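Student: Here Swiss-Prot flags LYS106 as active site, schiff-base intermediate with DXP, drawing on sequence analysis. Swiss-Prot lists GLY167, ALA193, GLY194, ASN215, SER216 with the feature 1-deoxy-D-xylulose 5-phosphate binding site.
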Amino acid sequence: MSDVRSDKPFVLAGRTFESRLLVGTGKYIDMEQTRLAIEASGAEIVTVAVRRTNLGQNPGEPNLLDVLPPDRYTILPNTAGCFDAVEAVRTCRLSRELLDGRNLVKLEVLADQKTLFPNVIETLKAAEILVKDGFDVMVYTSDDPIIARQLAEIGCIAIMPLAGLIGSGLGICNPYNLQIILEETKVPVLVDAGVGTASDATIAMELGCEAVLMNSAIAHAQQPVMMAEAMKHAVIAGRLAYLAGRMPRKLYASASSPLDGLIK
């Protein structure tokens with residue numbers, strides 16, 4: 001019998017997903033590249049900036065849902081571009097109208113244009129309103145374990161701390177805070193922002209994150225479709241490594257083969 005820990009399902013808002021890679025839809029050169037990259041990623045959940053993307057609110061313009069049909073993908077509307085709770089709540093309510101009453105949203109309330117750090121005070125306000133309004137809230141936040149705990153206590157269904165600045169590609173800047181969040185939070189934790197290449201995604205999964213969300217790392221790669229496939233395998237590898245359990249770190253060497261019984 002294998003001693004590898006068996007995996008548990010990845011569940012969000014009562015739905016089970018096979019892929020632990022979530023992807024965004026921005027920054028691609030056109031919708032065809034968007035479609036090809038997302039197909040290559042194997043992602044089932046696709047996040048969309050409601051304020052920047054036509055989901056049917058602008059008749060006559062290309063509709064992203066024609067390329068990424070909701071019967072194939074779970075569309076996760078997000079509040080990118082919102083800088084206070086009022087804007088974010090309004091955007092979530094618009095998304096519910098556009099997506100036939102679906103309540104799953106990704107909340108992000110930004111502090112400024114330069115850093116795109118989350119405004120945690122406004123995020124907490126918006127989260128409380130949205131949860132009371134019946135939304136299933138996945139929330140972008142800082143890597144502060146106390147804020148993460150408060151958001152979970154409000155009723156957010158997933159906590160999404162940044163690993164680095166949005167679009168920076170800096171990788172996992174503070175794995176220690178992420179570890180604390182993972183230990184202290186009882187809802188799924190997904191790394192959101194900062195991933196730059198496949199090894200970053202693997203590290204996030206090895207830490208124990210339920211999943212990883214990314215956009216720039218794929219869309220800004222020299223070959224986005226190829227990078228999307230790389231990220232697919234990176235997330236799988238990281239999850240398997242987490243379940244298997246890494247060997248302990250040691251200060252000194254340890255021979256792979258025993259020294260007893262050597263031929264003399």
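Any Cβ shown, glycine's included, is placed from N, Cα and C.
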Student: On the Cα atoms of GLY167, ALA193, GLY194, ASN215, SER216, which are listed as binding 1-deoxy-D-xylulose 5-phosphate, what is the maximum pairwise distance in Å?
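Tutor: Across GLY167, ALA193, GLY194, ASN215, SER216, the widest Cα separation comes out at 10 Å.
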Student: Which residue among the binding-site residues ASN215, SER216 has the fewest other Cβ atoms within 10 Å of its Cβ, if you could check?
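Tutor: Fewest other Cβ atoms within 10 Å, among the binding-site residues ASN215, SER216, is found for SER216.
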Student: Other than GLY167, ALA193, GLY194, ASN215, SER216, which residues of the chain come within 8 Å of the 1-deoxy-D-xylulose 5-phosphate site, judged by Cβ distance to the Cβ centroid of those residues?
Tutor: GLY164, LEU165, ILE166, SER168, GLY169, VAL195, MET214, ALA217
Student: Which entry in the list of binding-site residues, GLY167, GLY194, has its Cβ near the fewest other Cβ atoms, using 10 Å as the limit?
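Tutor: It is GLY167 that, of the binding-site residues GLY167, GLY194, has the fewest other Cβ atoms within 10 Å.
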Student: If you run the three-state DSSP split on LYS106 (active site, schiff-base intermediate with DXP), which class comes out?
Tutor: strand
Student: Around LYS106 (active site, schiff-base intermediate with DXP), which residues of its chain at least 6 apart sit with Cβ under 8 Å of its Cβ?
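Tutor: Expected: THR47, LEU76, PRO77, ASN78, THR79, MET138, VAL139, TYR140, MET160.
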Student: Long-range neighbours only, meaning 6 or more apart in sequence with Cβ under 8 Å: which ones does ALA193 (1-deoxy-D-xylulose 5-phosphate binding site) have?
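Tutor: Correct list: LEU116, TYR140, LEU162, ALA163, GLY164, LEU165, ILE166, GLY167, SER168, LEU213.
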